[in-house]
Amino acid sequence: MALSKRELDELKPWIEKTVKRVLGFSEPTVVTAALNCVGKGMDKKKAADHLKPFLDDSTLRFVDKLFEAVEEGRSSRHSKSSSDRSRKRELKEVFGDDSEISKESSGVKKRRIPRFEEVEEEPEVIPGPPSESPGMLTKLQIKQMMEAATRQIEERKKQLSFISPPTPQPKTPSSSQPERLPIGNTIQPSQAATFMNDAIEKARKAAELQARIQAQLALKPGLIGNANMVGLANLHAMGIAPPKVELKDQTKPTPLILDEQGRTVDATGKEIELTHRMPTLKANIRAVKREQFRQQLKEKPSEDMESNTFFDPRVSIAPSQRQRRTFKFHDKGKFEKIAQRLRTKAQLEKLQAEISQAARKTGIHTSTRLALIAPKKELKEGDIPEIEWWDSYIIPNGFDLTEENPKREDYFGITNLVEHPAQLNPPVDNDTPVTLGVYLTKKEQKKLRRQTRREAQKELQEKVRLGLMPPPEPKVRISNLMRVLGTEAVQDPTKVEAHVRAQMAKRQKAHEEANAARKLTAEQRKVKKIKKLKEDISQGVHISVYRVRNLSNPAKKFKIEANAGQLYLTGVVVLHKDVNVVVVEGGPKAQKKFKRLMLHRIKWDEQTSNTKGDDDEESDEEAVKKTNKCVLVWEGTAKDRSFGEMKFKQCPTENMAREHFKKHGAEHYWDLALSESVLESTD
């Protein structure tokens with residue numbers, strides 16, 4: 001006998017499990033073939049022949065189990081038909097399914113629906129996201145739960161049928177059919193009612209649990225969106241109406257119950273421990289998160305780097321762990337020696353400061369420093385030379401000065417005549433008369449321009465009169481069109497206007513071409529600018545010497561170097577402690593601009609990084625005295641330049657600085673600047 005589609009659907013899960021148990025894996029082809037055999041009503045032999053290509057040796061065993069399952073399903077459906085009406089009534093009381101009871105009461109015979117099968121008319125399901133929430137039962141899960149409950153009932157019935165023998169009943173037409181069923185499928189009415197009550201109770205508990213879950217999810221609508229509505233719709237689809245849970249009850253906190261001793265207990269009187277939430281620091285929270293992250297990294301499986309194309313096994317990966325530091329023990333007395341050295345240094349500095357202070361008060365310090373500035377002499381201080389330097393020119397070498405009355409002829413250059421030294425031309429000829437330019441007024445300039453233009457026009461007229469050049473075309477404009485052309489303008493005004501406009505465009509083009517021809521090129525403009533900045537120094541070079549107390553700021557160094565280069569000035573900057581000498585050479589205009597830069601534009605009193613620490617240690621008076629500033633030491637002229645392009649020279653000692661100037665023949669610049677610095681420090 002062929003089975004219906006509904007019976008095949010109920011049998012399909014069992015066939016899938018049996019195929020997986022027989023073959024060791026699931027095979028949809030075998031399941032489909034087995035369902036076709038049962039659906040077409042084949043006997044065991046035909047079914048075995050049909051399934052033999054798929055199962056081989058296990059065909060007969062699988063076919064026997066398949067037909068036993070079919071017979072058991074039929075017998076269970078016949079045995080449940082007698083208690084169908086009472087079961088529906090109980091389901092109505094539990095789940096409130098009025099639609100099915102109304103259909104039964106109409107008297108029209110409908111198709112019988114198994115106890116846990118889905119109803120045909122499903123309520124409208126609210127669409128949700130494709131992925132279900134983990135805490136929500138889906139339609140498939142509820143169905144599987146119902147099937148598991150049904151299997152438990154069937155197994156329980158089998159166990160009870162083996163334990164207790166069936167009670168004899170009189171043979172009646174109504175009971176003749178159950179007698180033909182197998183013994184394992186017979187059940188007493190009282191046992192059926194007990195099983196039914198158990199199933200109803202389980203279904204009620206599942207519905208209540210699902211309702212609680214949906215109520216909790218309803219309190220947090222942003223958590224899973226509309227997915228919580230899918231579970232409620234699935235409950236209605238299964239024929240279960242979950243009880244409504246009031247949201248206001250869920251939002252209220254659990255009541256606190258205390259016993260006589262003040263301990264927290266639950267409803268049964270058992271002592272419970274409440275969770276105490278204590279405030280903590282963000283640092284502790286970050287530490288916990290950091291530890292969790294490290295744990296996840298440890299649990300994360302390492303990637304297979306060898307499969308990477310760029311993997312090089314020769315390169316070793318450095319471990320990320322920090323290397324442990326070993327102990328370093330100090331020798332005994334090490335810090336005592338360091339402290340003693342520091343104390344000795346402090347005492348020495350204090351003694352030097354006292355000596356320097358006493359020298360400043362007596363003036364010895366100033367005279368000593370000024371004496372050191374002068375160049376070294378071959379003779380010692382206090383020695384009397386044999387011949388003074390002014391006598392060395394007239395006394396010959398090897399002259400014996402021990403004679404009492406030397407002769408006049410023995411001396412060189414002594415005559416009765418007055419010797420006049422040869423006159424030398426000055427390096428700069430300042431006797432040239434300076435002619436002042438004549439500056440005309442605006443009225444005189446216009447008059448001179450008119451006269452020049454009139455003379456040029458007169459020459460052109462003479463050339464035209466002599467026939468040396470054709471007469472120029474009349475200068476026609478839109479304003480004098482009718483006056484110049486006359487009848488021609490009246491006959492064809494459009495043609496005349498076009499002719500006039502063409503002449504105007506021609507004159508404009510000639511004017512622009514003349515301007516472009518007079519315009520200097522980029523190279524010519526560059527040469528003109530350089531010529532303007534480079535002044536004529538053939539009559540003498542103007543020199544300025546500046547002294548700066550502190551020139552450690554790189555920004556100020558850059559300003560000096562950049563402006564000297566832009567003004568085409570030469571010179572040198574010698575860097576020494578408290579005496580920084582800047583020498584610049586160039587024309588008078590460039591010197592004027594550079595002087596304004598050094599004395600006004602640069603703010604020298606701004607505190608620099610090097611003077612910051614010194615000012616903290618010194619007193620207020622010394623700090624005022626040592627305020628950074630720039631002083632013009634000397635300015636004048638010389639015949640030639642002594643230095644090249646502007647450069648910086650670091651000189652730790654005074655001798656080194658003087659030697660650098662002496663190499664260029666300008667050591668007197670350093671002596672002058674240093675002497676002024678010494679005199680200023682003693683004031």
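All residue numbers here begin at 1 and follow the chain in the order shown.
Cβ coordinates come from backbone N, Cα and C, glycine included.
Per Swiss-Prot, the features are:
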| type | residues | note |
| --- | --- | --- |
| DOMAIN | 1-87 | domain 'PWI' |
| COMPBIAS | 73-107 | compositional bias 'Basic and acidic residues' |
| MOD_RES | S164 | phosphoserine |
| MOD_RES | T167 | phosphothreonine |
| REGION | 416-550 | region 'Mediates interaction with SART3' |
| MOD_RES | S619 | phosphoserine |
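Per-residue confidence over the domain 'PWI' (1-87) averages 73 (mean pLDDT, predicted model). Secondary structure by DSSP for the domain 'PWI' (1-87): 72 helix, 0 strand, 15 coil. Per DSSP, the secondary structure of the region 'Mediates interaction with SART3' (416-550) breaks down as 72 helix, 8 strand, 55 coil.
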